[in-house]
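S.K.: Have a look at the structure that comes next, please.
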Amino acid sequence: MHQPALTHLAAADPEVARLAEAEAQRQFEKIRLIASENYVSTAVLEATGTVFTNKYSEGYAGKRYYEGQQVVDQLERLAIERAKTLFGAEHANVQPYSGSPANLAVYLAFMNPGDTVLSMDLPMGGHLTHGSPVSATGKWFRPTHYGVRQETGRVDMNDVREIALRERPRLIIAGGTAIPRTIDFAAFAEIAKETGAILLADMAHIAGLVAGGAHPTPVGHADVISTTTHKTLRGPRGAMLLSTEEHAKAIDKAVFPGLQGGPHNHTTAGIAVALAEAAKPSFRDYAAAIVANAQALAAALLERGFDLVSGGTDNHLLLIDLTNKGITGKVAAKALDAAGIELNFNTVPFDTRRPFDPSGLRLGAAAITTRGLRTEHMPALAGWIERAVLAAGRGPLDDADVAKELDAVAGEVRDLLDAFPMPGFSR
Ligand SMILES: *Cc1c(COP(=O)(O)O)cnc(C)c1O
């Protein structure tokens with residue numbers, strides 16, 4: 001059963017209630033390895049379902065365009081204070097609707113159309129909003145990119161410096177969606193300083209690790225930091241921008257009125273709760289456990305002959321290059337989903353295949369760590385991943401023998417997960 005209980009929803013709209021119950025059940029039964037996902041606490045779920053959703057609050061606390069902000073002003077100030085304290089930042093804006101609009105606000109704050117941005121290339125592990133040609137950021141600005149070295153699978157900061165000196169970007173972005181290694185924010189800051197660029201650290205994926213002390217912080221190095229709140233940080237879907245005092249005004253103006261209307265106050269409530277959870281000592285243990293799980297899973301996969309980009313991980317995320325297994329990322333991802341293991345196909349650096357059917361798989365350990373799985377469970381998980389990949393190599397997924405093997409794995413996955421409670425669900 002969904003938690004909190006959906007009593008009113010079930011009475012008013014059984015169809016939607018049934019779908020929410022089905023999704024809760026699905027999340028309970030699957031090993032969820034999508035690197036950008038997590039399970040939020042029941043407290044966060046309750047906070048995001050509050051009457052704050054009824055309120056319009058264009059502007060900022062103390063300077064709103066509608067009346068009736070006595071309570072919302074307190075809520076937003078609370079979320080801001082918690083964000084500043086947790087990350088040690090001088091300024092926080094908790095209004096961006098999600099990570100993509102948060103990044104667009106940074107462009108709006110510092111760039112004019114046609115200005116140059118330097119960021120990680122999408123197929124190398126960057127994000128759409130880092131100047132991809134299909135994104136507004138790639139259409140309206142001039143993107144230039146760094147990547148990883150083919151031999152190491154890692155960013156070489158000398159390469160970044162060389163490109164920055166050549167291209168003279170107005171904005172440099174550090175961060176991405178598929179980076180299994182520690183990001184050297186200090187080195188990025190040095191390059192930004194040398195070339196007169198603004199440095200944006202996009203820590204969407206690793207914010208929870210930063211909060212829990214398991215990844216070096218960009219605070220003190222980057223001019224602006226963008227983050228989603230729903231990945232390793234384990235809050236509701238949303239985003240925040242952190243900055244130095246110097247850039248506070250430009251950031252706030254870019255978010256509102258530059259890009260958005262009224263903030264999603266119910267999300268702000270959920271963010272405030274998640275930030276308080278992330279400030280607890282137990283969250284440091286959580287962040288360390290995520291990295292330990294990812295590294296244990298990496299070791300177990302390497303033992304089974306899987307090829308990992310950069311040879312392993314420093315954080316929550318792994319990238320498998322399936323080329324040596326003779327199977328594509330898309331086929332493997334579909335087989336794994338049928339086997340109760342949910343992840344996404346992903347390009348690997350220097351991929352020779354197309355983005356919609358690339359050579360790789362991306363895995364993250366944040367959600368399984370929330371669920372309570374620990375390093376001792378990782379060898380079994382690697383074994384299930386291998387069985388599903390091998391089964392998919394034997395024939396189409398609807399082939400009776402292949403389907404039987406995937407079903408068998410899904411059953412074993414369900415048996416293990418049965419012992420691990422899921423926030424948001426109870427039996
Ligand atoms: C997830 C992500 C985003 C975008 O977040 P959305 O909430 O999906 O818009 C931006 N940058 C990075 C690095 C991300 O991983």
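Placed from the backbone N, Cα and C atoms, the Cβ positions cover glycine too.
Unlike curated entries, TrEMBL annotations are predicted automatically.
Quick paste of what TrEMBL says about this protein:
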- L122, G126, H127, L128, E245: (6S)-5,6,7,8-tetrahydrofolate binding site (BINDING)
- 10-385: domain 'Serine hydroxymethyltransferase-like' (DOMAIN)
- K231: N6-(pyridoxal phosphate)lysine (MOD_RES)
- H230: site 'Plays an important role in substrate specificity' (SITE)
S.K.: Based on a Cβ-to-ligand 1 distance below 6 Å, what subset of the recorded positions L122, G126, L128, H230, E245 would you report?
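M.R.: Listed by sequence, the hits amount to none.
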S.K.: Cα distance, the residue listed as 'N6-(pyridoxal phosphate)lysine' to L128 ((6S)-5,6,7,8-tetrahydrofolate binding site), nearest Å?
M.R.: 17
S.K.: Going along the chain, which residues six or more apart from L122 ((6S)-5,6,7,8-tetrahydrofolate binding site) have their CB under 8 A from its CB?
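M.R.: Correct list: L128, H130, S132, T347.
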S.K.: Let me know the largest Cα to Cα distance in Å among the (6S)-5,6,7,8-tetrahydrofolate-binding residues L122, G126, H127, L128, E245, as an integer.
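M.R.: So the binding residues stretch over 31 Å, Cα to Cα.
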S.K.: Closest to H230 (site 'Plays an important role in substrate specificity'): which of the binding-site residues G126, H127, E245, going by Cα position?
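M.R.: Nearest candidate: H127.
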S.K.: Give me the count of other Cβ atoms within 10 A of the Cβ belonging to H127 ((6S)-5,6,7,8-tetrahydrofolate binding site).
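M.R.: Excluding its own Cβ, H127 ((6S)-5,6,7,8-tetrahydrofolate binding site) sees 24 Cβ atoms within 10 Å.
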